[in-house]
């Protein structure tokens, strides 16, 4: 219940602008300005109660409490490590980033790339902090997390051994911005150890809010040069590297002076006329050092003598700044992988940059309702969340070789908080997605889930290349104009997890979650429906010997269980007392807490209708129905509910084996009827909004 309320509150705050980089969410409710002011007024240095300087902040296994790796660690403030600590010395550069005893080189590479773009850097590392002015032992940083920017506050106590920083540190002995940034990121993810092992892409995205693509340069797509060209034009961050097959190869230099295992930045592409033929060039930068490529098109290479002198003057950069040109064909031969981080619109201010359009959805896979697994599980696949994208504007600059106009879309499916959950044994799920073209006859279908029949025998237009246990799977797709259904899923069904689905499009795209409405039109029987069997019905129960009497919840339980126990076509252990109280709440017209005969007749007709639906769904006659079948059963009963409500129902009414018995099924139906009835009575303006005082809310909630 608390989680649901928090989720609603979060959605409403986001609608008001909370979560932007200018108005970041306060992580764990900690406000930097308020806390710093309190410390300055009291004359004490900040000690973070949410991420204390203790073993649990270091880790849970290799760096866990009592482990050999943590012996001798002392937490110290920079003011205890040197006489003149500085936040940043002479600007933030790649030399400020030196790896310590933690396997987070992926994070270091991302930070190094961030230093090349000052505007993006200072979104993450606010400049309003130092060890001199207003120093109070407190610092703050901002990270993008699943659709919102989060401000993380830390104290400046850092883990040391023998007087030296244990983890990330600067080449300048008195500079601490990078070590403090690493600590803030560790806090966000639960511990320092949680940062071990990862992809540079993950850091790129958390520092920019962008969406990333990965290309294996051993199997490059034919349009890769064009993709790089467009990415640079959109202000994207591009990185490439040469894979290493073993630890001995790390830092090794090739014959032509390329460093293996290092992240290079891609900074430009150009096509030149070389000896009468077009030659594609690419410009790279090694942010880690001055070692440069010595092959074709390097600074002193003879190829420059065969192009137009004016063009040569524009492109031939002779300064030893780590930046160099090479042919695109050599690039594909020498490098192993390319990563592109496409920036979200709010990251870019220049009007010259062609910005992406962004649509973002947050969702959840819940066992028994929306965790349907991949296409290999047709019985449950259709229950996964479904999202509709409407593409009606084609790209302005169509790619060479494309015969028909198309729309370029970047799809990214990201699972949430799995790094933070490592300490409780929850690793990454294998995730993926499929995209289906929606036929014309279903283009206006938005109010309810597409069912199993839609997917039967239908092939997706495109899908993620494979299901992978990465934080995010993403791909660039080109689709003809039309409407498409995106289905994100885990590989196996019944896996709980939160996710974020992002759609980046070159032109504005309309997108929505299928079945987001919650209409309800339950079956309303009338006592006249039983007139023909009146005497037979009353003879079944001694409780109604006097037809003017009323029955309580305990009497109702005895009557109903007695009636249903006579049936031989169902397995049923009886209604519990709480379900019977819910029944009375629905039909008790005079507020006495009991049912009159006419009300009981209406209830019995409802139960008969529910039983008919239940038995239709109980295919095995086992006395339970699968929780994922509740969506279909609810629809038959008149309720078309969105994913959030379906997930709540599965959590509330399904047992640990994901079955729903008849008592739970009826309790769910009755509860839904009560809630819909209450809302409609209170929604006088019929605008879908009800306002209640606390006392009114409590009275209605306790009904």
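All residue numbers here begin at 1 and follow the chain in the order shown.
For all residues, glycine too, the Cβ spot is worked out from N, Cα and C.
Under DSSP, residue 590 (Ca(2+) 1 binding site) is assigned to coil, being neither helix nor strand in the three-state scheme. Residues or ranges marked as Ca(2+) 1 binding site in Swiss-Prot: 588, 590, 592, 594, 599.
According to Swiss-Prot, the Ca(2+) 2 binding site annotation covers 618, 620, 624, 629, on the basis of sequence analysis. Of all Cβ atoms in the shown protein chains, 22 besides its own fall within 10 Å of the Cβ of residue 624 (Ca(2+) 2 binding site).
Annotation source Swiss-Prot lists domain 'Calpain catalytic' at 45-344.
The domain 'EF-hand 1' annotation in Swiss-Prot covers 531-566.
The domain 'EF-hand 2' annotation in Swiss-Prot covers 575-610.
The feature domain 'EF-hand 4' is assigned by Swiss-Prot to 670-703. Mean pLDDT for the domain 'EF-hand 4' (670-703) in the predicted structure: 85.
Annotated region 'Linker' per Swiss-Prot: 513-531, in sequence order.
Summarising the annotation, Swiss-Prot assigns region 'Domain IV' to 532-703.
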Within a 10 Å radius of its Cβ, which of these binding-site residues (588, 590, 618) has the fewest neighbouring Cβ atoms?
590
About how far apart, in whole Å, are the alpha carbons (Cα) of residue 588 (Ca(2+) 1 binding site) and residue 624 (Ca(2+) 2 binding site)?
29
Cβ neighbour count within 10 Å of residue 599 (Ca(2+) 1 binding site)
20
Using other CB atoms within 10 angstroms as the count, which residue among the binding-site residues 594, 620 scores least?
620
Per DSSP, to which secondary structure element type does residue 629 (Ca(2+) 2 binding site) belong, with helix, strand and coil as the options?
helix
Can you tell me the three-state DSSP label for residue 599 (Ca(2+) 1 binding site)?
helix
